[in-house]
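**Student:** Take a look at what Swiss-Prot says about it:
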MOD_RES   A2  N-acetylalanine
BINDING   G19, S20, G21, K22, T23, T24, S178, K179, M180, D181  GTP binding site
SITE      N78  site 'Stabilizes the phosphate intermediate'
Amino acid sequence: MAGAAPTTAFGQAVIGPPGSGKTTYCLGMSEFLRALGRRVAVVNLDPANEGLPYECAVDVGELVGLGDVMDALRLGPNGGLLYCMEYLEANLDWLRAKLDPLRGHYFLFDCPGQVELCTHHGALRSIFSQMAQWDLRLTAVHLVDSHYCTDPAKFISVLCTSLATMLHVELPHINLLSKMDLIEHYGKLAFNLDYYTEVLDLSYLLDHLASDPFFRHYRQLNEKLVQLIEDYSLVSFIPLNIQDKESIQRVLQAVDKANGYCFGAQEQRSLEAMMSAAMGADFHFSSTLGIQEKYLAPSNQSVEQEAMQL
């Protein structure tokens with residue numbers, strides 16, 4: 001490393017399924033961080049990303065191109081992308097040479113959207129593990145489209161994917177419900193927003209699914225999935241609207257607390273600022289009501305909501 005550069009670096013590994021808003025998140029978060037005075041370096045780790053809206057400090061496309069891999073090896077998009085990540089894993093010296101001059105920056109890693117990379121394939125986890133050896137402290141920021149909350153079956157699937165990702169990636173982890181301004185675009189929520197963000201008693205979700213003739217036949221399967229999720233008791237969500245600065249601030253406070261940035265000495269924070277960052281990461285539950293009033297249309301209570309209050 002360069003002599004006077006700080007040895008420890010911090011950042012976010014932005015992961016999530018395709019279309020969840022990872023690239024938009026990197027753009028919005030980088031602008032917010034620069035407004036706070038942090039030096040930011042956005043790193044594109046997705047070889048399929050084209051026409052990036054942000055200024056890219058490092059682009060994996062300079063090392064390996066998805067189109068070239070697909071043509072040369074006759075692979076499809078998914079297989080080609082997996083090969084690209086394995087190629088990056090085998091050439092981490094290239095990545096380190098790109099990152100070393102950026103010490104002192106706060107990193108945002110825009111990762112590929114293929115779910116298998118975060119649930120069972122080893123390349124991305126190995127890359128993150130090696131970054132930890134370089135004294136780069138990352139928080140995994142997992143984005144999930146908030147409109148999945150309107151479909152109980154999809155929400156259970158999201159919970160399973162989020163849990164599998166948390167266990168596989170092996171990083172401090174934050175789950176986000178992205179695009180909060182569009183949460184009811186495809187339907188109404190069956191319960192209050194805090195039911196989904198805090199992942200409360202999922203038996204109510206099973207009862208709601210039982211009213212559907214199709215899912216009634218899969219009740220035992222859903223019960224086992226719910227039991228697995230509740231046994232681990234790891235998954236929760238923070239609502240995010242990337243256009244809302246207060247929403248971004250809540251996310252950043254949680255991320256900073258997870259990777260230890262708010263307790264670092266690099267910015268010489270005052271004690272008051274440190275306490276604000278440390279404690280602020282825990283108040284998203286109390287702010288959920290305000291978020292619900294802001295983004296969800298008012299409606300009469302459903303039977304499920306009344307049951308939740310008993």
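Quick reminder: no glycine exception, Cβ is built from N, Cα and C everywhere.
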**Student:** Just how many other Cβ atoms lie inside 10 Å of the Cβ on G19 (GTP binding site)?
**Tutor:** 11
**Student:** For T23, S178, listed as binding-site residues, tell me which one has the smallest number of other Cβ atoms within 10 Å.
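**Tutor:** Least crowded of the binding-site residues T23, S178, by Cβ count within 10 Å, is T23.
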**Student:** I need the CA-to-CA distance for N78 (site 'Stabilizes the phosphate intermediate') versus S178 (GTP binding site), whole Å please.
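**Tutor:** About 24 Å separate the Cα atoms of these two residues.
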**Student:** What's the number of neighbouring CB atoms sitting within 10 A of the CB on N78 (site 'Stabilizes the phosphate intermediate')?
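**Tutor:** Cβ-Cβ neighbours of N78 (site 'Stabilizes the phosphate intermediate') within 10 Å number 12.
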**Student:** List the same-chain residues at least 6 positions away in sequence whose Cβ sits under 8 Å from the Cβ of G21 (GTP binding site), in sequence order, or say none.
**Tutor:** L143, D145, S178, K179, I242
**Student:** Three-state secondary structure of T23 (GTP binding site) from DSSP?
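**Tutor:** The three-state answer is helix.
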**Student:** Quick one: give me the count of other CB atoms within 10 A of the CB of M180 (GTP binding site).
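**Tutor:** The Cβ of M180 (GTP binding site) has 24 Cβ neighbours within 10 Å.
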